[in-house]
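Asks: What follows is a structure written as structure tokens; I'll ask about it next.
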Amino acid sequence: MLYKGDTLYLDWLEDGIAELVFDAPGSVNKLDTATVASLGEAIGVLEQQSDLKGLLLRSNKAAFIVGADITEFLSLFLVPEEQLSQWLHFANSVFNRLEDLPVPTIAAVNGYALGGGCECVLATDYRLATPDLRIGLPETKLGIMPGFGGSVRMPRMLGADSALEIIAAGKDVGADQALKIGLVDGVVKAEKLIEGAMAILRQAINGDLDWKAKRQPKLEPLKLSKIEATMSFTIAKGMVAQTAGKHYPAPITAVKTIEAAARFGREEALNLENKSFVPLAHTNEARALVGIFLNDQYVKGKAKKLTKDVETPKQAAVLGAGIMGGGIAYQSAWKGVPVVMKDINDKSLTLGMTEAAKLLNKQLERGKIDGLKLAGVISTIHPTLDYAGFDRVDVVVEAVVENPKVKKAVLAETEQKVRQDTVLASNTSTIPISELANALERPENFCGMHFFNPVHRMPLVEIIRGEKSSDETIAKVVAWASKMGKTPIVVNDCPGFFVNRVLFPYFAGFSQLLRDGADFRKIDKVMEKQFGWPMGPAYLLDVVGIDTAHHAQAVMAAGFPQRMQKDYRDAIDALFDANRFGQKNGLGFWRYKEDSKGKPKKEEDAAVEDLLAEVSQPKRDFSEEEIIARMMIPMVNEVVRCLEEGIIATPAEADMALVYGLGFPPFHGGAFRWLDTLGSAKYLDMAQQYQHLGPLYEVPEGLRNKARHNEPYYPPVEPARPVGDLKTA
């Protein structure tokens, strides 16, 4: 054994060839600060071996290296800029020394090689991969850019265009694509990986392959003419500005850095990467996006823990076809759980099957599946007008109209047709689960399962625990949601549960702004362009359906009369009374017409002004700051109340529910992350300016207490140890 660290070791293989093996404790290899330091020590040992002829890098895990250790990021990013820059220089010196070894090097790459894992293998001369490879640089999705030389080596290896596509979008690619663009040199079956890598290494040692020529371009300026460079970078900057926008600085910074570094050799180019990385690491956007990644891991880990002792449902049923029922049936069947879809009329069943078929055909058009797979999936959805096959189902989700009487009747009837241990769930969006449970003989086998529309796109499923829902019931439904590829978050029962309960105060803030003379177009523009929501409140209401919102508003007002009961007629009432229900009937805040792709396109409609004039004061202008404050304070206050009341268990789950269920701007990280970034004391000062607007603007007591000491909701993070202790030499 030449060297043994905690996460990697170095040993001789044969006749002057050494192997460096990543083998961390636990299930995956990560390139954390300790591993980077250990890698440096191992390379130091290699540099002393006069008889070294070649080096093989490999992993003892199912994945090569999944990336840097993101759990270290928040503390690492709190380190002062100069120290962080110093540590990056040290880390890059390690990869440079790997690249500069006086012998050929090859990485045998299996499974994932992402972020730092990808940057590590870019420093070797050759890369041989297995068919399950996923390789790429996802850093821009975390609000940063590659920091271990990825923005320097990848463009020089692949050419600017292919590298920019991966780096700016934070993409990873599979084995075939990686081979096509030159990111790997070959793809072999897993059992042939080491043998194949050794064969390439021997050829390089024997002089049959010119490894020095392979290495050289990575050390030099980018080979691009002035015209080529102008074309590549101008197009890339235009594309990034369009897709990422101003709220995500990392992608455009990465492109500009690669452009600036194009005329330099490796050392100067790495210095530019360092100078760009460090300020990005200190942005609120990076903290928020890293926070989302960590929260996502936490939520998924919690679901895994919850379901470890239950069997995932093998057969499901959906009550109520239509668009929602068809979407749920498709998602279940697509992920391998056959489903019976029941309705009381053929027309709805046809609609449900058409929806499922439409979604499968889209997969076919995109080349994700072939005709055989399509036929196989659709054959596992069984439409029916009766209860045939219900004695075999493990879980049933009811997705009929949002009416408690209808839902109770359907659930009670279904309970008589299924096994004693079958779990029933209701896809209600507002009706309390404990109320629906009153109609059942086995309320312990019942819970809520709130999908979001469109089902195939929206990652969140709210799992609602009723007063009598058993732990096993919740676990089974969480297991089914996870199997469907969704992110399940368990919440306690109340009107609107979590997501809708916090959404309607936001809509109430919108209604009050309109009442006070604000222009709905300006509100939408500010909430989209400045705050970053995917849709402003007016457009969102049109998409949700004015009739749906009108009904839900009444349910919420009955549930929380002290805050959500209005004492005035608002814009939602006015549009509802005028039969303007939004996109579904082509008339809402806007008029809708289908574009060439059959998608609804909004147009101005003068008739809306007259309707809104009836429920509004004369038009007046509001500042962007006031619009954001008046829209967000009611939502944030309600989010905090939900945490204080135990409706949602943690700030992490609340923020993920908002991001995945409502499209809360990821660069803010969710309501609690936004609140922590702003500071609870500053938030309280802002909210108190608007408390005259009513109970929705009254800050909950728990938040007031935090504001006294400006306490955050997330546990405070300490900066990483001084970077000198992280090994900078």
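Note: Cβ is positioned from N, Cα and C throughout, glycine not excepted.
Straight from Swiss-Prot, here's the annotation block:
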type: ACT_SITE; residues: H450; note: active site, for 3-hydroxyacyl-CoA dehydrogenase activity
type: BINDING; residues: D296, N500, Y660; note: substrate binding site
type: BINDING; residues: M324, D343, V400, V401, E402, K407, S429, N453; note: NAD(+) binding site
type: REGION; residues: 1-189; note: region 'Enoyl-CoA hydratase/isomerase'
type: REGION; residues: 311-729; note: region '3-hydroxyacyl-CoA dehydrogenase'
type: REGION; residues: 708-729; note: region 'Disordered'
type: SITE; residues: E119; note: site 'Important for catalytic activity'
type: SITE; residues: E139; note: site 'Important for catalytic activity'
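Give me the lay of the land around each of these features.
Replies: In sequence order, N427, T428, S429, V461, E462, I463, I464, F497, V499 make up the list of same-chain residues 6 or more apart from H450 (active site, for 3-hydroxyacyl-CoA dehydrogenase activity) whose Cβ falls under 8 Å from its Cβ. Annotation note: H450 (active site, for 3-hydroxyacyl-CoA dehydrogenase activity) sits in a strand segment as assigned by DSSP.
Following the DSSP three-state reduction, the secondary structure of Y660 (substrate binding site) is helix.
Taking Cβ-Cβ distances under 8 Å and a sequence gap of 6 or more within the same chain, the neighbours of V400 (NAD(+) binding site) are L319, G320, V406, K407, V410.
A 10 Å cutoff on Cβ-Cβ distances gives E119 (site 'Important for catalytic activity') a total of 28 other Cβ atoms nearby, all chains included. Secondary structure at E119 (site 'Important for catalytic activity'), taken from DSSP and collapsed to helix, strand or coil, is helix.
Look at E139 (site 'Important for catalytic activity'): DSSP puts it in a helix.
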Asks: Measure the Cβ-based neighbour count of S429 (NAD(+) binding site), defined as the other Cβ atoms within 10 Å of its Cβ.
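Replies: Around the Cβ of S429 (NAD(+) binding site), 22 other Cβ atoms lie within 10 Å.
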Asks: Quick one: of the recorded positions E139, D296, Y660, which has its CA closest to the CA of N453 (NAD(+) binding site)?
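Replies: In terms of Cα distance, N453 (NAD(+) binding site) lies closest to Y660.
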Asks: For V401 (NAD(+) binding site) and N500 (substrate binding site), determine the Cα separation and express it in whole Å.
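Replies: N500 (substrate binding site) has its Cα 17 Å from the Cα of V401 (NAD(+) binding site).
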Asks: Work through the binding-site residues one by one (D296, N500, Y660) and name whichever has its CA nearest to the CA of E119 (site 'Important for catalytic activity').
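Replies: Going through D296, N500, Y660 one by one, the Cα closest to that of E119 (site 'Important for catalytic activity') is D296.
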Asks: In sequence order, what residues of the same chain, 6+ apart, have a Cβ less than 8 Å from the Cβ of N500 (substrate binding site)?
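Replies: Those within reach of N500 (substrate binding site), by Cβ under 8 Å and sequence separation of 6 or more, are S429, T430, A552, M556.
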Asks: Out of E139, M324, D343, the recorded positions in the record, which is closest to D296 (substrate binding site) when you go by Cα distance?
Replies: E139
Asks: Do me a favour and check the Cα-Cα span between M324 (NAD(+) binding site) and Y660 (substrate binding site); whole Å is fine.
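Replies: Between the Cα atoms of M324 (NAD(+) binding site) and Y660 (substrate binding site), the distance comes to 18 Å.
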Asks: Let me know the model's mean pLDDT on the region '3-hydroxyacyl-CoA dehydrogenase' (311-729).
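Replies: In the predicted model, the region '3-hydroxyacyl-CoA dehydrogenase' (311-729) has a mean pLDDT of 95.
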Asks: Can you tell me how spread out the NAD(+) site is, meaning the largest CA to CA distance among M324, D343, V400, V401, E402, K407, S429, N453, in Å?
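Replies: Output for NAD(+) binders M324, D343, V400, V401, E402, K407, S429, N453: max Cα distance 20 Å.
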